[in-house]
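Let me begin by presenting the structure, written as structure tokens, before commenting on it.
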């Protein structure tokens, strides 16, 4: 018996789960309890956080277009993901996926994190570019672990205030 089931038609799977690939859910994990986190992420969505993944992330833009806002060597950059593009993001490159197109779909593959290996989530000041807030978590479930972290940041003006210039990060409305 195959642990993860028989092969299946992936485009059909995406169509069958399309209702989960848009707000408010936005993503669906393909397999549970494997060594890989294989997720399909849909649009539209807009994120204000930057993810610091301790391991590589693989992106395959299946439908539509998206882009990653990046912090590289202290400056902002952008990596466009056009339909059909693949991209391997190195570990610890801060990235903020932006999926402006409804109906878009991206396959994202990550490795499960070993115990003690933490993911970071950061927010930067729009006015001066300094780090406003960082939180680290032992990531077990994207669906259950992340919303409380984000809500805690959005709900606190103190957490959103830039320690360098005093500007308040607008939170989810950025």
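Placed from the backbone N, Cα and C atoms, the Cβ positions cover glycine too.
The candidate list 57, 101 contains one residue that Swiss-Prot assigns to the Fe cation 1 site with 51, 95, namely 57.
The 10 Å shell around the Cβ of residue 128 (Fe cation 2 binding site) contains 12 further Cβ atoms across the protein chains shown. Residue pair residue 57 (Fe cation 1 binding site) / residue 110 (substrate binding site) shows a Cα separation of 5 Å. According to its DSSP assignment, residue 99 (substrate binding site) is in a strand.
Within 8 Å of the Cβ centroid of the Fe cation 1 site, not counting the listed residues 51, 57, 95, the chain contributes 50, 52, 53, 68, 89, 93, 94, 96, 97. The least crowded of the binding-site residues 47, 51, 95, 99, judged by other CB atoms within 10 A of its own CB, is 47.
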